[in-house]
Amino acid sequence: MSSVTRGPRKLYVKSYGCQMNVYDSQRMADVLAREGYVETSTPDDADVLVLNTCHIREKAAEKVYSELGRLRVLKQDAARDGRRLTVAVAGCVAQAEGEEIIRRAPVVDLVVGPQSYHRLPDLVARAAETGRVVDTEFPAEDKFDHLAAPSAAATRSRGAAAFVTVQEGCDKFCSFCVVPYTRGAEFSRPVAKILAEVEGLVAAGVKEIRLIGQNVNAWHGDGPDGRAWSLARLLHRLAEVPGVARLRYTTSHPRDMDDALIAAHRDLPALMPQLHLPVQSGSDRVLDAMNRRHDRAEYLRVIERLKTARPDIALSSDFIVGFPGETEAEFRDTLALVDEVGFASAYSFKYSPRPGTPAADSDDQVSEAEKADRLARLQARIDHHAAAFNAATVGRTAAVLFENPGRHDGQMTGKSPWMQAVQVMAPPSVKGEIHTVRITGTGTNSLYGALVSPLRHDVHGGRDAPDAAMRVASGGH
Ligand code: 5AD
Ligand code: SF4
């Protein structure tokens, strides 16, 4: 086989969508590394190419088909060179559309759903032989038990901050959302597995652990004491792991922000003052139609309690505009909510009807023009508050965890406790370290800062936060 003469077989994974996919892509690479695959940074010389897809909105799903169109040419070029390129579609489009993908795009050899990644070596081998392999089962076994622990080398290349999946799936069934169908029912990993993974990452130099799950604060994994633990308890335990300097968790549901979790934001210095808490809409009628299981006042109460626990907390959210039946007045309730909370950042989306979800069948769809108009108006409000939040940090000091080279020569970039990207003139040696930085200005997508000399290590940071200024920037609480 030509791959023998070419050295190790090469793998290229392209990730779309959420952080769970980024994590899953890394684990797919880990599983295939055990079979001798090495990752390549370009699709051109790959033997196996995986598209790890997102189905959350129509646009995201359609992107995959245009990419598959381009891959047809790549596959033909490889064949001309006497190479077989195996094309796999993984992730939520794979789960939702199954073999329909191969029917629509015959370039695809393998369709693999998120619950089957531990079977990849076998699936890829079969697909390379025969093509047209589909595995979108929801197996009873726990895929995490079979996925390789990240190798030391793989871990090292992952830098200062790393994701750890603690929870997968969702039982909430918001009426617009495909996640309960593509990722299945909620599943929580046990404490021992999470601890082992975190300890491995920290031993390889990771400083910041980001716990991820579609509904992360609903996590209730088995503890070593045989009882189900809460996320708050898990965070307390992880904060005790030597070398864990920072903790974050995402994405949370307002209904599952319990007292202990809110108190953890007050009590745990390692828990960063930042939370992504999607609300989707500011209108009670729309929230009800979305089946969000909370109203506007309940959401605001959670925010209030969070700000009491950690006054400088940076809040972010997700919004959907143009949900079926949303009136102009209801949309304005969303704008008013944004002004009331003063989010540090937020994502906003036009409602996209997804096959199989209840809201998609509504005959009350909002026009495309109306959605586009509302999106632009909402984004302007969000940008206004984000700019105010960032401006409030100028002149203050913050602990920055350096992750990568910056945009310009001599610069390094890192994250503030509030998850802002900060560009700083600093030697490459600061990578993986936390240093105190004075924030000197704001740019479009990041802040600028200067190292406070001499280089001083700051373990957690964020307590010298601009509390008062933050409060003004985030809505006057
Ligand atoms: N249309 C538009 N946005 C959606 N989201 C989820 N489903 C849809 C949909 N059908 C958004 C929500 C969610 C984020 C991840 O994607 O805001 O929080
Ligand atoms: Fe989707 Fe709602 Fe579950 Fe979030 S909570 S993943 S929006 S169903």
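Backbone N, Cα and C atoms are what each Cβ position is placed from, and that goes for glycine too.
Because TrEMBL annotations are produced automatically, they should be read as predictions rather than curated entries.
Quick look at what TrEMBL lists:
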type: DOMAIN; residues: 9-129; note: domain 'MTTase N-terminal'
type: BINDING; residues: Cys18, Cys54, Cys92; note: [4Fe-4S] cluster 1 binding site
type: DOMAIN; residues: 156-388; note: domain 'Radical SAM core'
type: BINDING; residues: Cys170, Cys174, Cys177; note: [4Fe-4S] cluster 2 binding site
type: DOMAIN; residues: 391-453; note: domain 'TRAM'
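Everything TrEMBL records as a feature, shown here on the structure.
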residue : record                          : CB count, 10 Å
Cys18   : [4Fe-4S] cluster 1 binding site : 19
Cys54   : [4Fe-4S] cluster 1 binding site : 22
Cys92   : [4Fe-4S] cluster 1 binding site : 26
Cys170  : [4Fe-4S] cluster 2 binding site : 23
Cys174  : [4Fe-4S] cluster 2 binding site : 21
Cys177  : [4Fe-4S] cluster 2 binding site : 21
8 Å Cβ shell about Cys170, Cys174, Cys177 centroid, [4Fe-4S] cluster 2 site members excluded: Lys172, Phe173, Phe176, Val178, Val179, Pro180, Gln214
[4Fe-4S] cluster 1 site, defined by Cys18, Cys54, Cys92: further same-chain residues with Cβ within 8 Å of the Cβ centre: Tyr16, Gly17, Met20, Asn21, Thr53, His55, Ile56, Ala60, Gly91, Thr182
Residues in the domain 'MTTase N-terminal' (9-129) grouped by DSSP into helix, strand and remaining coil: 69 helix, 22 strand, 30 coil
Summary of DSSP states over the domain 'TRAM' (391-453), given as helix, strand and coil counts: 4 helix, 33 strand, 26 coil
Spatial separation of Cys174 ([4Fe-4S] cluster 2 binding site) from Cys54 ([4Fe-4S] cluster 1 binding site) - C-alpha basis, Å: 17
Between Cys170 ([4Fe-4S] cluster 2 binding site) and Cys92 ([4Fe-4S] cluster 1 binding site), the C-alpha gap once rounded to whole angstrom: 13
Between Cys177 ([4Fe-4S] cluster 2 binding site) and Cys18 ([4Fe-4S] cluster 1 binding site): CA-CA distance (Å): 14
Filtered binding-site residues, from Cys92, Cys170, Cys174, whose Cβ is under 6 Å from an atom of ligand 2: Cys170, Cys174
In sequence order, those binding-site residues of Cys54, Cys92, Cys170, Cys174 whose CB lies under 6 Å from ligand 1: none
Cys92 ([4Fe-4S] cluster 1 binding site) and Cys177 ([4Fe-4S] cluster 2 binding site), distance between Cα atoms, whole Å: 12
